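Positions annotated as Zn(2+) 2 binding site by TrEMBL: Cys102. Positions annotated as Ca(2+) 2 binding site by TrEMBL: Asp168, Gly202, Asp204. Marked as Zn(2+) 1 binding site by TrEMBL: His178, Asp180, His193, His206. Per TrEMBL, the feature Ca(2+) 5 binding site maps to Ala520, Ala568. Feature annotation from TrEMBL assigns disulfide bond to Cys233-Cys259, Cys247-Cys274, Cys291-Cys317, Cys305-Cys332, Cys349-Cys375, Cys363-Cys390. Feature annotation from TrEMBL assigns repeat 'Hemopexin' to 469-513, 514-560, 562-610. Annotated motif 'Cysteine switch' per TrEMBL: 100-107, in sequence order. Annotated signal peptide per TrEMBL: 1-29, in sequence order.
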Amino acid sequence: MMCFKFFSCRQIVLKVFLVQFLASLQTFAAPSPIIKFPGDDTSFTDKEVALHYLNKFYGCPKESCNLMVLKDTLKKMQKFFALPETGEIDQKTVEIMKKPRCGVPDVANYNFFHRKPKWGQKNVTYRILGHTPDLDEETIDDAFFRAFKVWSDVTPLKFTRIMDGEADIMINFGRNEHGDGYPFDGKDGLLAHAFAPGPGTGGDSHFDDDELWTLGEGQVVKVKYGNAEGEFCKFPFLFMGKEYNSCTSQGRDDGYLWCSTTYNFDEDGKYGFCPHELLFTLSGNADGAPCKFPFTFQGEKYDSCTTSGRDDGYRWCATTEDYDRDKTYGFCPETAMSTVGGNSEGAPCVFPYKFLGNTYDSCTTSGRSDGKMWCAVTKSFDDDRKWGFCPDQGYSLFLVAAHEFGHALGLEHSEDPGALMAPVYTFTKTLRLSNDDVKGIQELYGVPTDKPLPTELPPVTPMDVCNENIIFDAVAQIRGEIFFFTDRFLFRTADVRKKPTGPMLVATFWSELPEKIDAAYENPLEEKTVFFAGDEMWVYSASTLERDYPKKISSMGLPSDLHRIDAAYSFHKNKKTYLFAGNKFWRYNEAKKKMDPGYPKLIADSWSAVPDDLDAAVSLNSDVFSSGNHPCAAPWHFLASRSHVHVAGFCHDNIQTVSERSSGAHDWLEKVHAQKSDDLSKPAVFLRHGLQGCGEGEAGQQCRGPYSSCGPPLFFL
Ligand SMILES: [Zn+2]
Ligand SMILES: [Zn+2]
């Protein structure tokens, strides 16, 4: 029988104070140099990364991937990922190469797949040989069950789990070389692989257990005891007015880690204890009994879980004081502060620890160039050099399994970035098969015969920005590049004269955004990108979501009953942002961080010929684009797709004409006029589908369009 002490309040105050004190000390610590971590072989040059990648996934021969073949193979890879086909090892290409992905090659018939293999029978069996300690078994079994259901929903296939014997699809977790000649590679990089249908290893699916397996949104921690046994920790949760993102021992003097199972512990008081070897063990032969420390194993004493005596690296303990005599043992659960990768086999962080002479009370990125959080697993990294990465979002076992089972059923990688069978891992909350996935699997197995077809048609990914009717949700110039957003995809270009490349998933750059955004702009003062969807907004510095976001759009001064905005753009000359919704617009002062008085105004009153209910708006920064020798000092921009033309673009002459004729012009127009400069700014480009609208300024409009061809450049200068 276990019993735990109640929370003691005096303790809480003291501990919170202490942690804050240590945290503030750390802020003033000198920046650490970048060091080489033992057991970490993630620091390769771009060229090494590229050669390894092209060998593994594109069949470029290891010894002789020389310059000629390298260029061609690179282009093949760039085409696959809709990147500019430069044949060079450029930044965008290496960026994609470093993304976590599936271990199956992208070149058909290269390694795994020959002649469209498939299962001959409708009943396919699977067996789960091993479980990862990252998740409880029930969650793992359920993830695999749901992953198979993804495919059985759209085919006549039926999947049955068997508990012993040889199944068609044998599922296991492994590290590094795990018995099939296709080794995994530690944390990140390769996540899993699967063999195409066939006898023997055919259909088998392997998952890299150096990854942190979750449901994609951080550790999944099922609590024990407390008053919420069996429920999951809710991260973050609120305790004594402070948010916690992981289990904590705050408020307890016994060191046991606990978490709240609802957001507000202060109000709800629902809690449980986080998995820990002193609470219970997994598998083994002791029926889940907790570890007994110290225990004796082969004559030696152990004070903590160990990997001794095993070659698979899993941590275990004896459940009596003498393993040699009693032979009872169990595997140690991942505790809340278990590490991933590194050189410590998942041992938990030890706080505080010493690193290059400084003391750290939490995970840190110090010493690393890749920004990954890590910690030491002994009191001193300097002495022991034992470390691991701190838990992050992890990878969704369900999503990765659904992808691997696609291979196990005979599918290869898809060039459609919206497809489940795309090789790169991208987290999504709600998995939707794309049309490409469904067509592929139904080509092999046909449509379901004994169950109703799903009512919703699978989404088709817009693959060609010029030749498909694409309605853009948002357009924004971000760090010099123009991004076009449509549903969960984007196209982008750094050169307005060139056709944008894509599609790519929005989540590849901004993973927390919802599936469809309404508007986006770059903050002209802080180089931050702002996204809108529904009544919420997200602010990013590069790819990192700012703290406390998403927030309500009313926090910007928009009405609290406004359900969404249509379009937004920021004008770089006056540093003000224009926000459009329905027939109105607002002007936001980025410097003062508040809405300008006198707004909203009617679009029709201020922007002649600009329609209501916009799809998108963008104002391009002329400092970034030079107009070349075009007769206009400022470029004309025409945005066109085959049947929807949504255009606007003006030479500065037109603006001056406009502003001369108009009274009460926008301040930016006045400014343009006052400058009398040749280097004048451009107005915004407004987009609305089904309309050939364009417009600029308050009183006038000049419209050139429609342009019915995209061909080939999307923009004309
Ligand atoms: Zn794959
Ligand atoms: Zn394998």
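Glycine is treated like the rest: Cβ placed from N, Cα and C.
Shown here: features listed in TrEMBL, placed on the structure.
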residue	record	DSSP (3 states)
Cys102	Zn(2+) 2 binding site	coil
Asp168	Ca(2+) 2 binding site	coil
His178	Zn(2+) 1 binding site	coil
Gly202	Ca(2+) 2 binding site	coil
Cys259	disulfide bond	strand
Cys274	disulfide bond	coil
Cys305	disulfide bond	coil
Cys317	disulfide bond	strand
Cys363	disulfide bond	coil
Ala520	Ca(2+) 5 binding site	strand
> Roughly how many angstrom lie between the C-alpha atoms of Cys102 (Zn(2+) 2 binding site) and Cys305 (disulfide bond)?
Replying inline: 31
>> Give me the CA-CA distance between His193 (Zn(2+) 1 binding site) and Cys317 (disulfide bond), in Å, as a whole number.
In response: 31
>> Cα-Cα, whole number of Å: Cys375 (disulfide bond) versus Asp204 (Ca(2+) 2 binding site)?
In response: 35
>> For the motif 'Cysteine switch' (100-107), give me same-chain residues lying six or more residues beyond its boundaries with a C-beta closer than 8 angstroms to one of its C-beta atoms, as numbers and ranges.
In response: 56-59, 76-77, 80, 182, 184, 188-194, 395, 400, 403-404, 407, 412-413, 423-425
> For the motif 'Cysteine switch' (100-107), what's the model's average pLDDT?
Replying inline: 87
> Cys363, Ala520: which of these recorded positions has the highest Cβ count within 10 Å of its own Cβ?
Replying inline: Ala520
> Taking just the CA atoms, what is the gap between Gly202 (Ca(2+) 2 binding site) and Cys390 (disulfide bond) in Å?
Replying inline: 35
>> Checking proximity to ligand 1 here: which recorded positions out of Cys102, Asp180, Cys305, Cys375, Cys390 have their Cβ closer than 6 Å to it?
In response: Cys102
> In Å, rounded, how far does the Cα of Cys259 (disulfide bond) sit from the Cα of His206 (Zn(2+) 1 binding site)?
Replying inline: 32
> If you measure Cys305 (disulfide bond) to His178 (Zn(2+) 1 binding site) at Cα, how many Å is it?
Replying inline: 23
